[in-house]
Amino acid sequence: MGTGFLTLPWAFNSAGIVLSLITLGCVCLISDVSKDYILETMSRADALFRARSRSEGRNLASLSIHSAVDLVKLETGKIKSYGSTAASSDETAGLLTPPSGASSPHLVRSRKFEVVELCSMFLGDKGSSTYIFTLGLYMYGTLWAYTSVFANACSYALPLSKMFGVGVDDYLVYVAVFASVVVPLTCMELKEQVAVQVFLSLCRFFMVIVMVGSVSYAMHATTAQFDDQTSCHGSSLVNFSGLYKMLPIAVYANIFHHSIPGLSSPVADKSKLSMIFGSTFAFGMIAYGLIGGVVAWYFGDSIDQSANLNWVGYHAGTGAQTPEGNWTHKSWLTAAIAYFVVVFPATDVVSAFPLNGITLGNSLMGMWLGPDIRDYENDVNIVRYFRLMAAVPSIIGACFVRDLGFITAYTGITGFAIAFTFPALLNVNSKRACNRAGIDSATAYTKGFVSSDLFSYVVAIFGGILIVFVFGSLIYEETMKMSTK
């Protein structure tokens, strides 16, 4: 739960409560399917890697992962081997045949395969380059959005210029504060952040309870709880004209497919990865449905694009309103709840920024170093350099462009390809690579028909259609706005 849920109530109001719930449910279900495609591909990549190691009689730890990458490419005739002589297709097929008694189905193991490496193995150089470009747009835009959310919310909740009477740009001050925290965290490994991540996860659960609980109480209260609002404003149930606003936000709120390899590493029992990530989508569907539906129904058209800002006027029937419209002398508990809801989503991106920064940094390192990445992945200075290349540009950009809507409107579209199209294509091509190599393609994460080639192609095409639909709708909206000026 990063910044995705902040705009969900606004999106629910735009597309209608019922249509939004259906859309959210479909996105969560398809996202759950596509996350298994990533896990399946990681398992098959490991199987190919281990088979190549056995065929060459070498220790697993000493064999470069790119031996497996090159062999898969060699199988399809796309490149020559890095070795002195390229083997024939018949020879390579025999090399990968697992010994008798090999365990099946395949499982994700300790060796980590980044998605960019999987694309290189199974989609070729063009597929890998396309993924890196798509991921770069999405990740830089996401990190940019995190910075903007934090700085805007904090400058609104704690305006230093007013509190201390100094002539400073609060936004830029909080950008600097944010950078001082997230940049060092991005240079750390996930295992070193467990305590921070667990604490913020508990805060997110509490956030869901507070938002839904306070609004639910306000619906049945006889006195105003938010500003002078005494009743539900209501919202439409179905509004197809707002669907293009709901779709990218629903995907943006649920996407973490690009981080699955990194998130899988700290898990001890990797046979439970599908269940763990599936539980995440289940929680997201329930939590996002409650937040989006309840909050949108109560506030209606008065909902802010960043829904937490509606809690600025939360007073729970206590205190008094000033001529300027502000509420003073609220009870301490009411003030604490209002402050938590307004500020926590912004501070929560302190958790989300490093997760995404690490993923982008690792992908940049894989793109730049290529076959030599395994020689440098334990070099702390090299790793930190690429992590900084991922984190710093977005923070600098946020100093100049602060509009969250502008930042996320177009970069979020790439999430459709990352969450749906690429995982589906990887699933199909990794199965074909295993079949060519004489290895069983079944994995511990294979789930019948939804793992089939036919369903995978449906998911891939679905992602492509969403890109065209949402991008076209945004262009049409901008054109209409320009024509009315």
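Every residue, even glycine, has its Cβ placed from backbone N, Cα and C.
Here TrEMBL flags 12-34 (among others) as transmembrane segment.
The transmembrane segment annotation in TrEMBL covers 131-151 (among others). Under 8 Å from some Cβ of the transmembrane segment (131-151) lie the Cβ atoms of residues 2-3, 6, 115-116, 119, 123, 171-172, 174-175, 178-179, 182, 258, 306, 345-347, 349-350, 352-353, 356-357, 359-360, 363-364, 367, 390-391, 393-395, 397-398, 401-404, 407-408, 410-412, 414-415, 417-418, 422, all in the same chain and six or more residues away from its ends.
Annotated transmembrane segment per TrEMBL: 171-187 (among others), in sequence order.
Per TrEMBL, transmembrane segment is recorded for 194-217 (among others). Beyond its flanks by at least six residues, the transmembrane segment (194-217) meets 1, 185, 225, 266, 287, 290-291, 294-295, 298, 307-308, 311, 314, 316, 337, 340-341, 344-345, 348, 350-351 of its own chain at Cβ-Cβ distances under 8 Å.
Residues or ranges marked as transmembrane segment by TrEMBL: 237-255 (among others).
Positions annotated as transmembrane segment by TrEMBL: 276-299 (among others). Beyond its flanks by at least six residues, the transmembrane segment (276-299) meets 1, 5, 8-13, 17, 20-21, 24-25, 28-29, 31-32, 35, 39, 208, 211-212, 215-216, 218-219, 226, 229, 232-235, 250, 253-254, 256, 260, 263, 267, 307, 310 of its own chain at Cβ-Cβ distances under 8 Å.
Remote same-chain residues near the transmembrane segment (332-355) are listed as 1-3, 5-6, 143, 146-147, 149-150, 152-154, 156-157, 178, 181-182, 185-186, 188, 190, 193, 196-197, 200, 203-204, 207, 210-211, 214, 256, 259, 262-263, 306, 308-309, 311-312, 314-316, 318-319, 391 (criterion: CB distance under 8 Å, separation of at least six residues from the stretch ends). If you look up TrEMBL, you'll see 332-355 (among others) marked as transmembrane segment.
Residues or ranges marked as transmembrane segment in TrEMBL: 404-426 (among others).
Residues 30, 33-34, 37, 244, 247-248, 251, 409-410, 413-414, 416-417, 419-421, 423-425, 427-428 of the same chain lie 6+ residues outside the transmembrane segment (454-476) yet bring a C-beta within less than 8 angstroms of a C-beta in it. TrEMBL lists 454-476 (among others) with the feature transmembrane segment.
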